[in-house]
């Protein structure tokens, strides 16, 4: 793939009518930089994991967790408490060692290619918030899982698997409504031609659409995307504001003297208007709805749950 990025310097014939050479070259160079970053970050990850195993990093962290739990009045019999301390230290270590790579990706690669919209302050505030929210979910779920394993007897793997199945389905259900809004602002897509076209397309494949939202992705990046979520007859579609030419904050001039979030996300003025026309938005959304129509979402859930069951077994 990397060789293709390096050698394909002209627009392929199949794309000649829909992509100009300047856009193609920007995309090629971006993917080349991403490929280089992926190689080195992946190599570092492998070396780090190998060194942790060879140097006894996991037993050391377990012992340290026991000492910390002991200082708090929890002896060796409180195995679940020690496990939670271990998990907290492990995720903290992972966050710290991954931070330089995340910074480089955001403020060097993404910045170089004009995608980054974050300031350093916003980046760190976001990282801390993500870490705290993750711990608030991870630690209680893990403590319950360990308790189930302790009392489950010979068939603990069945109970543990059922528990993780329920947790994963609950998280998928509540993520967009309760967790994602902690980080980004979601607003209903205003009435208009685009919303009507989306509803018509959803109806044409019997997609049970209930609401369409626009998420303020432009405060982080000028990348754009769309996705859907929800179970059974309660599906919602989410469009990034950067996907929409009429709603993208990247196309709006900040008001004179306006501070706060606009300054924090350092909204950038581009010569070329950001976002897609309605028919292009529908094409992107059609791809996502195609996953639903072809049952990819359900198939992925089944495959992952079979995998988890075998893992617990």
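Note: Cβ is positioned from N, Cα and C throughout, glycine not excepted.
Quick caveat, the model's predicted, so the values are computed rather than measured.
TrEMBL lists region 'Disordered' at one of the ranges 253-273, 274-294, namely 253-273.
Between the stretches 55-79, 80-104, 105-129, TrEMBL puts its transmembrane segment entry on 80-104. The binding-site residues 287, 291 differ in how many other CB atoms lie within 10 Å of their CB, and the one with the most is 291. Per-residue confidence over the domain 'CAAX prenyl protease 1 N-terminal' (1-185) averages out at a pLDDT of 93.
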